[in-house]
Amino acid sequence: MGKRGVDAVLAKRASDRQRASSLACGLGVPVCLDPDELGPETTLLVVGAEGLSLEWDGMVLRGDFSRMARRLRPSGLSHELLVRAARVRGHRQVAPSRGETPEPSSRIGAGSRVPWAIDATAGMGEDSLLLAAAGFSVDLYERDPVIAALLRDALERAAEDPLLAGAIGRMRLHEEDSVPVLEGLACTGPSVGRGPGGPTLSPPDVVFLDPMFPTRQKSASAKKKLRMIQRLEEPCDAEGRLVGAALAAGPRKVVVKRPLKGPCLGGVKPAYALAGKAVRYDCLIPASMRYDLHNI
Ligand SMILES: C[S@@+](CC[C@H](N)C(=O)[O-])C[C@H]1O[C@@H](n2cnc3c(N)ncnc32)[C@H](O)[C@@H]1O
């Protein structure tokens, strides 16, 4: 097999064949109906009753947002470092959780609106879900077709879960490279922001970046997940362009997830950082916003 990507799409049941064929066609790989035909080193995208999974060497990677339900409660969310790092003034922030009853407009405050985040490196979408649960409308960009397929499948399953549906409804996945999109926002100015529900007059409030970093996490499960994703994705090789595009898009801040002791992305120093036990969130403020840090 090639160094990156999957070798085949496996349909576990007869009823999975049509979906497997369409995925295989998009990825340019064969459909497989019998796993015994395959060698041990094969990387497979598997369609089955539990959804879509990536399987290699006995390891299985499947998106499952239901595991995050506890972290999404308002009491948990307010402690999430990412949510604190992404906080911007003048918006409704932590959204109601169970049942997602909308907050009465009188409590949202005059001039308040739903904040808009772009997750330019979506991966399996867990960080985006935290932002969406905290009240952001999130546009997720994922350029790897296999990871995007796993993420889309996880989003579709989560949309059926009443505990997650509200936040999932604020997430939109785009299967494309985020850099040209961010650069496009920069070129055409604030009048073409896409925002929740279509065109908007504002640039995004927050651009979030979490590109692959090879030696980031130490826990066994994180290592396993990372190894699976690394089967598909090389570590980020264009850090400078990614950060530059994010800043040029004109958000109120760019939040970058880094390993605790890792270097700044693209060598760009943050205005400030929030550090946890294993990761750090670098907060970059575009030049046009720096005049008034208190409004961020
Ligand atoms: C470390 S993972 C992100 C993990 C994610 N924060 C999460 O919560 O699951 C990085 C992902 O960013 C994607 N990526 C990197 N550069 C990108 C770009 N320019 N546009 C879109 N996706 C990109 C990679 O394909 C990879 O899936």
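Cβ atoms are placed via backbone N, Cα and C, with glycine included.
TrEMBL labels come from automatic prediction, so no person has curated them.
Summarising the annotation, TrEMBL assigns region 'Disordered' to 91-111.
Secondary structure from DSSP puts E142 (S-adenosyl-L-methionine binding site) in coil. Taken from TrEMBL, the feature S-adenosyl-L-methionine binding site applies to E142, R143, D210.
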Cβ-based isolation winner (fewest other Cβ atoms within 10 Å) among the binding-site residues E142, R143, D210: R143
